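So TrEMBL lists these for the protein:
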{"type": "BINDING", "residues": "62-67, 193-199, 222-226, 309-312", "note": "GTP binding site"}
{"type": "BINDING", "residues": "Ser66, Thr199", "note": "Mg(2+) binding site"}
Amino acid sequence: MQQQVMACFGGCVPEGEGGGAYLSHHEAKVARLRDKELTKLLNKQHKEDRKRLKILLLGTGESGKSTITKQMKIIHINGYSFAERLEKIKDIIRNVRESLLSMVGAMHHLNIPLENAESRASADFILDQAARQDTETSEEFWDHCEKLWSDCGVQKCYDRSHEYQLIDCAKYFLDKIGEIRSLNYAPSDQDILRCRAITTSIQHIEFDVPDAGQSVKFRVYDVGGQQGERKKWIQVFDNVVAILYLGDTSCFDQTLREDTSKSRLIESLEIFEQVWNNSKSRLIESLEIFEQVWNNRFLRPVSILLFLNKIDILAEKIAKGRSIKDLLAQHPGVFPDYDSCPVSSNERIEFMDAFPGGTEQTTKRRSRSSSRTDINPEVVKTAVYIKNLFTRIVRGELSINKTIQPHPKEWHQNHSCEYFYTCAVDTNNVKKVLEGCRTLIIRKHLESVILSCGTSGRNGQQRAPEVIPEMTISGHRYAVVTAIVLAIEEQ
């Protein structure tokens, strides 16, 4: 009787008198409820994840992948807060210091003397900074930086930067030392886009884009492009709907940081070829790593959006007398003859419209005329030539790595590739390109979902898939189809 009364009023049941069994039953019930709630939460999260279109950024190191993700944040997530801007200062200071260290070190190997004898003390000071990992600075540090950068010998060394490793943003930040050293300095959007920090881990960005009355959710993954980081690529290949591959058009005269004997352009083409052919191959580090990556069955139906990036730096290099012909001469019989590859009027217009200050790129190629006359024709020819190297790989007409056997055209029946000329630090250019990419990605995703629904109907019955015509999903019909697909994916 005492036990019944205590139980009714929530009293404690003494051990040895049935209390242990009661508590065990109660705890098990609580555990089941918690497990049920956790399962419900995980299922909800899984459904939310399925709604996001997963995009993967690929490319060699320093091709501009991280810059594109920064642009996505600026364009789609209200940019950077004041606190986030201040956080970037340490990267900018590191860029300034590493740029001067690279040039001072290169001057010794290139036999370029300092023009001003007083600059010697500044060079020694900067070299002493080499072992420091912190970003603490002093007025003395900035004084030495300004003195070195103004030295004519250092300027000559900068002009020969293709002969050693120097980050693209070196001149940009060294020209702004007076602004950066100010205690009130807060990096601008352009400063953030230009600053360089090597990606050593898998990072991602999520954002929503309104489209035809619906909110389309994207998750974009950025992984390291250096050779040691590419083994991580396979971790994020599952359920990818598109690959944004960045090819650096300006890197034809540069070697790799990891392998100074190989051109960055050659490496970029080799990696792209492996992405496109989804075949066994080896790139620099290990055949086994890329054999796992490129034989992944999820890559075959994935659309590839090729960003021919850094066209602004390409123009700067051509203006300095650099030429892709020097690279081609080192690989006779591999590439098509440069001089015999004409540039069509449409190809010229495509590039001119994409160049900073030009008009909009769209997913459909145009045949109108362009009024721009301020671009060196050799810049256009070089960019188009590099673009054609990639498209020849797509068509199976060019093989950079002879160990790769291109697949027959039938194998690529549902494999698409679109290209865009890009300047990753130009927000207007990137915004227009991303708009075109968004349309392509959503259309391809709708096609794949409807195709999968059509080929596996209820009770195992086969259904004829709905074919979505090229670029015809728009307006009300597009919104309805999108809503149907989202409803299907929630089931």
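Positions of Cβ are set from backbone N, Cα and C atoms, glycine also.
Not measured: the values here are computed from a predicted model.
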In the structure shown, with every protein chain counted, which of the binding-site residues Glu62, Asp312 has the densest set of Cβ atoms within 10 angstroms of its Cβ?
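Top count of Cβ atoms within 10 Å goes to Glu62.
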In Å, rounded, how far does the Cα of Leu193 (GTP binding site) sit from the Cα of Ser66 (Mg(2+) binding site)?
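Rounded to a whole number, the Cα-Cα distance is 9 Å.
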Taking each of the binding-site residues Thr199, Asn309 in turn and counting other Cβ atoms within 10 Å of its Cβ, which one has the fewest?
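Across Thr199, Asn309, these binding-site residues, the one with fewest Cβ atoms within 10 Å is Thr199.
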In whole Å, how far is Ser66 (Mg(2+) binding site) from Arg196 (GTP binding site) when you measure between their Cα atoms?
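Per the Cα atoms, Arg196 (GTP binding site) and Ser66 (Mg(2+) binding site) stand 9 Å apart.
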With Cβ-Cβ distance below 8 Å and at least 6 positions apart along the chain, what are the contacts of Ser66 (Mg(2+) binding site)? List them in sequence order.
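The answer is Ala197, Thr199, Asp222.
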Note down the number of other Cβ atoms within 10 Å of the Cβ of Lys65 (GTP binding site), including every protein chain shown.
28
Any idea which of the binding-site residues Leu193, Arg196 has the thinnest Cβ neighbourhood at 10 Å?
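Fewest other Cβ atoms within 10 Å, among the binding-site residues Leu193, Arg196, is found for Arg196.
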When DSSP is mapped onto helix/strand/coil, what comes out for Arg196 (GTP binding site)?
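DSSP call for Arg196 (GTP binding site): coil, neither helix nor strand.
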